[in-house]
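Take a look at the structure set out below.
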Number of protein chains: 2
Amino acid sequence: MSTTVSPLAPKSVPELKPVPGVTFTTVAAGIRYKGRTDVLAMAFEPGTTVAGVTTRSLCPSAPVEWCRELLKKGKAGALVVNSGNANAFTGMKGREATSLTADLAAQAFGCKPTEVFLASTGVIGEPLDANKFEAALTEAAGQLVDWPWLDAARAIMTTDTFPKLATATVLLGDVPVTINGIAKGAGMIAPDMATMLSFVFTDAPIAADVLQKLLSKGVKTTFNAVTIDGDTSTSDTLLLFATGTAKERGAKTVKNIDDPALKAFKRALTELLADLAEQVARDGEGARKLVRITVTGAVSNKSARRIAMSIANSPLVKTAVAGEDANWGRVVMAVGKAGEPADRDLLSISFGDIRVAHEGARDPDYDETAVSDYMKNDVIDLTVDLGLGRGTDRVLTCDLTKEYVAINGDYRS
Amino acid sequence: MSTTVSPLAPKSVPELKPVPGVTFTTVAAGIRYKGRTDVLAMAFEPGTTVAGVTTRSLCPSAPVEWCRELLKKGKAGALVVNSGNANAFTGMKGREATSLTADLAAQAFGCKPTEVFLASTGVIGEPLDANKFEAALTEAAGQLVDWPWLDAARAIMTTDTFPKLATATVLLGDVPVTINGIAKGAGMIAPDMATMLSFVFTDAPIAADVLQKLLSKGVKTTFNAVTIDGDTSTSDTLLLFATGTAKERGAKTVKNIDDPALKAFKRALTELLADLAEQVARDGEGARKLVRITVTGAVSNKSARRIAMSIANSPLVKTAVAGEDANWGRVVMAVGKAGEPADRDLLSISFGDIRVAHEGARDPDYDETAVSDYMKNDVIDLTVDLGLGRGTDRVLTCDLTKEYVAINGDYRS
């Protein structure tokens, strides 16, 4: 496991103010390890609405199935996040554990079990003993605070090398509201898989169905446009909670996605999701370079996304970036294998502002020295123009280094 | 670049006898490097038929497009394979180079330009100066031999760590015929992409359309069931030539795929393709373990293939195998992300004969020590049963090691 902070970490950690209606604490339940906090518990003001998106995996964890069911009602009273055990691939026992955890949290925080959201990361295939939550959640209920958020962000880290936080203050109509978000990235808990979790909170009063529309739209260009290694976790969960406490300061409840009062909020939420998603890419396992891949001129935006993902998930493109090699031949390869419309003789490829290939051949003006210098940067912009249509997309990834292999393969060496 | 032979190399190299109607030689054309042979030239008996399959890349190299065009007629007079330059992403100049090479080979070997098959590996995006072939091919025509085949196999190696050959003698009806095959695997020529080439030869008289059916069927379970890193080359080419010279020994020309005389030949050809394909997997870049992934109980064979490929291309599964870690949690993840029908609670997973997971949870009889010992083997059999239907498939891959990253990313370090 890496103990040094990613060289791509943001230079400073933002300061997050309280979100009225949200309190939290961290406690030790002894799920897997002794003597460390392993549970983040959060309690929400009655009336809090919630939206969420979860992994597309067809073999999801028990907490993911639990959240999917609860999201149908859109009401939240509490959130319990544990590390040390993912409660994935645990069969009927896994379902029993989620149900028991929700009962215990409901008792501790005074809400309904069907309003308790759950997320777990850690070892998979091991039954999770939810009885361990009883004392821990009772303790948690007695020590809830609304600050500092850095503690909450740190509590959900596993092998992340830095805590991931983002915040925005924005007008909802004419009332200022806060949006706070935290995330954990693609880290490992031996011997398990990468998991992405993110939780976003606001005091804005927004109906659950509107919140879901906002979130579903927001993830398309942010979290769903990030790939570290193309491996989709069984546990990926992103939840957005709205306590509605800004009503006390005059905010009107938003019940329609087209409400003009939402305009600034929409933009701020998408920016915040993009910020957190970029932090996840910056902390990809073994990452030394952040790679922003932009595809233009595709036959559709969907086609552009598939081509961008084909490039972003190509081991040969990612190792070339790690080697500071502007290997556009591998980019051509990744375009060609994507299975989407592409005409070799119309392709243009640029690294930063330097066009290396144009109309299906090496750009005659391409300066090898300039592009070599460019590849030494921490952030690499790779642009591919297909010259076919108006479809465009952007995805984020990182390079593939020996450290990635070490982190994921060195258990027994 | 690795200079040591893969630990997975076959223990011995088979001895290949001549295939009547096939002669060859290697020469130095100075395409990229001086003082080394870089061209394999082969000449075929008049009347030789040919079948082929090429990369599915939508951005193929110029020689691939050339071969695709010629395969429509199914007649072969010569084959020219060069290393040092892939003639890929070279635009109009690339097409001119293939055309000139075919003209020069036709003059040298006395056949039509439209019967000259071409394959190139090496740097991409650099124009290939085909004039360099003139003296080389004239020289080649004067020194054609029918043996030893090891020279031909060595001539097409790039960063392969061992030459890849396979042979079979089989009855066509009641006449013995020979099948010889050579291949180059997923190696790199800095700064370019992996390329797979294979050429197979027989003296059996088989009509081109029958040959194509045999080959198209044969690759499904062999070459198309191998993946090193999921990156499809722009240059992948597999050609099967049949000189028909066995007619002189009484063999009748096969004009129908259902001809009973083909029975043994079909089986031998598929076995030979499987042998070469496995050699390619055994020489995957940085490979230390060969992984055979079998999926059973899928809703269809096609679904089983997709799930097997999702597992075989998962960086987390491949790094776990490199680390000798029977990490079935990552296998569940790869099944879940494949997008094919799967029910977590019906899954069973085995490493070798050891079942580690059953009916959606850890197998209660699973012995950690036994599975740890098993993971130390050079060849790992991973079996996933979905419990849904009768679809089944098998694919080959190798592990993902730090050496893979070093080979593909260390150019500038």
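Residue numbers in this text run from 1 along the chain shown.
Note: Cβ is positioned from N, Cα and C throughout, glycine not excepted.
Database features, via TrEMBL:
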ACT_SITE  A:Thr195  active site, nucleophile
BINDING   A:Thr158, A:Lys184, A:Thr195, A:Glu285, A:Asn408, A:Ser413  substrate binding site
Densest Cβ neighbourhood among A:Thr158, A:Asn408 (binding-site residues), 10 Å radius: A:Asn408
Where A:Lys184 (substrate binding site) sits in the secondary structure, as DSSP reduces it to three classes: strand
Cβ neighbour count (within 10 Å, all chains shown) around A:Lys184 (substrate binding site): 28
List of the binding-site residues A:Thr158, A:Lys184, A:Glu285 facing chain B, defined by a Cβ pair under 8 Å: none
Cβ neighbour count (within 10 Å, all chains shown) around A:Glu285 (substrate binding site): 29
